[in-house]
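*Asks:* Before we start, here is the structure in question, set down as structure tokens.
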Amino acid sequence: MTVTAPTIGVLALQGDVREHLAALRASGADPVQVRRPEELAAVDGLVIPGGESTTISKLAVTFGLMEPLRERVSRGMPAYGSCAGMIMLADKILDPRSGQETVGGIDMIVRRNAFGRQNESFEAAVDMPAVPGGPVEGVFIRAPWVESTGAAAETLASYDGHPVAVRQRHLLATAFHPELTGDQRVHALFTEMVRSAH
Ligand code: GLN
């Protein structure tokens, strides 16, 4: 049996796009950059990278992508957001900058820059049983945490008492950056979600 590689887009407005493209390629997907609505229409799934969620939000509106993103996510397109991408997939931000919008889809409230100044960037082993093979190395960079989740959102991992990886049906979000570690297991989980959504 031939298993074709799903086409997975990486939202390429701002942030660590290249690293996600590489991690997706290594996990068996066919990754492409997405900057325009026509490009979004052509993908089977989408990664929203880490970066700065206020900037990604503004650029998504400017590029005419915010509504198409909401539409595709609400119709079941699998999406994975890391860090700023997690914020973009949250239904609600506790402390948004003025005018900051999200795509939404995951019934959760996130707190931006939650780990505080003393702890802006750190690495920690994170237990994430949905990913086989032991803890994931979590790289946290001015990361959000999840303040609360609704009934449909499943917490896949917590750190310091707060959810840092969440899945809701076809949507996945992590507060940390697996694309920076060379460990493709989280991307492999997402690639599998995209395959099985077909
Ligand atoms: N603090 C950033 C934000 O609010 C997220 C940081 C990141 O993606 N590494 O968007």
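Each residue, glycine too, has its Cβ placed from N, Cα and C.
Just lifted these from TrEMBL, have a look:
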- Cys83: active site, nucleophile (ACT_SITE)
- His177: active site, charge relay system (ACT_SITE)
- Glu179: active site, charge relay system (ACT_SITE)
- Gly51, Glu52, Ser53, Arg112, Ile141, Arg142: L-glutamine binding site (BINDING)
*Asks:* Tell me, how many other CB atoms lie within 10 A of the CB of Arg112 (L-glutamine binding site), whichever protein chain they belong to?
*Replies:* 22
*Asks:* Given a 10 Å Cβ-Cβ cut-off, pick out the one of the recorded positions Glu52, Glu179 that has the most other Cβ atoms nearby.
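*Replies:* Of the recorded positions Glu52, Glu179, the most buried by Cβ count within 10 Å is Glu179.
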*Asks:* For Arg142 (L-glutamine binding site), which of the active-site residues Cys83, His177, Glu179 has the nearest Cα in space?
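*Replies:* The smallest Cα gap between Arg142 (L-glutamine binding site) and any of the active-site residues is with Cys83.
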*Asks:* If one measures from the C-alpha of Ile141 (L-glutamine binding site) to the C-alpha of the residue listed as 'active site, nucleophile', what distance in angstrom results, rounded to a whole number?
*Replies:* 8
*Asks:* By the DSSP assignment reduced to helix, strand and coil, which category contains Ile141 (L-glutamine binding site)?
*Replies:* strand
*Asks:* Among the recorded positions Cys83, Ile141, which residue has the largest number of other Cβ atoms within 10 Å of its own Cβ?
*Replies:* Cys83
*Asks:* Taking 8 Å from the centroid of the Cβ atoms of Gly51, Glu52, Ser53, Arg112, Ile141, Arg142 as the cut-off, which other residues in that chain fall inside it around the L-glutamine site?
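*Replies:* Neighbours within 8 Å of the Cβ centroid, excluding Gly51, Glu52, Ser53, Arg112, Ile141, Arg142: Gly50, Cys83, Ala84, Ile87, Asn113, Ala143, Pro144.
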*Asks:* Can you check what DSSP calls Ser53 (L-glutamine binding site), collapsed to helix, strand or coil?
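*Replies:* Where Ser53 (L-glutamine binding site) sits, the three-state DSSP reduction gives helix.
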*Asks:* Pick the one among the recorded positions Gly51, Ser53, Arg142, His177 whose Cβ has the fewest other Cβ atoms within 10 Å in this structure.
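*Replies:* Ranked by other Cβ atoms within 10 Å, the recorded positions Gly51, Ser53, Arg142, His177 bottom out at Arg142.
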*Asks:* Measure from the CA atom of the residue listed as 'active site, nucleophile' to the CA atom of Glu52 (L-glutamine binding site) and give the result in Å, rounded to a whole number.
*Replies:* 9
*Asks:* Using C-alpha atoms only, work out the spacing between Glu179 (active site, charge relay system) and the residue listed as 'active site, nucleophile' and round it to an integer in Å.
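*Replies:* On Cα coordinates alone, these residues lie 11 Å apart.
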*Asks:* State the Cα to Cα distance, in Å, between Arg112 (L-glutamine binding site) and Cys83 (active site, nucleophile), rounded to an integer.
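*Replies:* Taking the Cα atoms only, Arg112 (L-glutamine binding site) lies 9 Å from Cys83 (active site, nucleophile).
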*Asks:* Can you tell me the three-state DSSP label for Glu179 (active site, charge relay system)?
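*Replies:* Glu179 (active site, charge relay system) sits in a helix per DSSP.
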